[in-house]
């Protein structure tokens, strides 16, 4: 298979992003056994390919075991993944579990199956990881999935929450990692097309219309079309959280702002010029007048003196 220079640049970028995510979140350590979950989609194929490439030149030793869960969906091509993985030369396991019948039995026709399907699949994956002695579980969620989930939770769950690049399972037995956390979906799609991965569609949920996730994805794509780079900026925002400028009292002690030195940037209230002076502290209010005290530090001295300031 011959690749263009553009492909090699794309591959280098993806490998660099995955390597950076692994380093930033300490996803992979010496001696790890990683269960790499394959759905047969572009994301998980790309994840396995990049991890195998990085494994060859990594300064540490770690083991990869590819896993596919055969959920007994009608028409699922059982031979595709085993054939591909044998050719690839990676250790793999195919786990059979009829979650499809359970989902169809429990979920009314026309309703979203994603939630139940995900829970059932997660249980099988955790059990398989334990049986194989894998301490890490790698999932193929990418940057766009993380941003999408952030808006889903905000719009429909009332929470500022997303998919973390790394987390411990509820029982504490395993660490789940998302090596593609820094990778854009469009890059993954281009890579998968060039690599000619044998893509397997999801017949269980792929035909469902009007899913909340699909709507949010369409919204983000439209935003990106109107303002290129917006998804990048949103993801950057998830890495630069300022609790003092939100409204969660569990994350920031707003009551503590009534005494002592100000704990928030004054630019939020008074503009950038406030940085040129000492912090303001709320002193009191009279009728429609709000009064502050400004504390000034002496050069080389920790003591403070105050002077009146009003706003």
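Using the three backbone atoms N, Cα and C, a Cβ is placed for every residue, glycine included.
Checked against TrEMBL, the range among 33-38, 39-44, 45-50, 51-56 recorded as motif 'PP-loop motif' is 39-44.
Across the motif 'PP-loop motif' (39-44), DSSP classifies residues as 3 helix, 0 strand, 3 coil. When secondary structure is read from DSSP and collapsed to three states, residue 117 ([4Fe-4S] cluster binding site) falls in the helix class.
Sequence-remote contacts of a segment are chain residues at least 6 beyond its ends whose Cβ falls under 8 Å from one of its Cβ atoms, and for the motif 'PP-loop motif' (39-44) they are 68-69, 80-81, 139-142, 180, 185, 188-189, 191-192, 197-200, 202.
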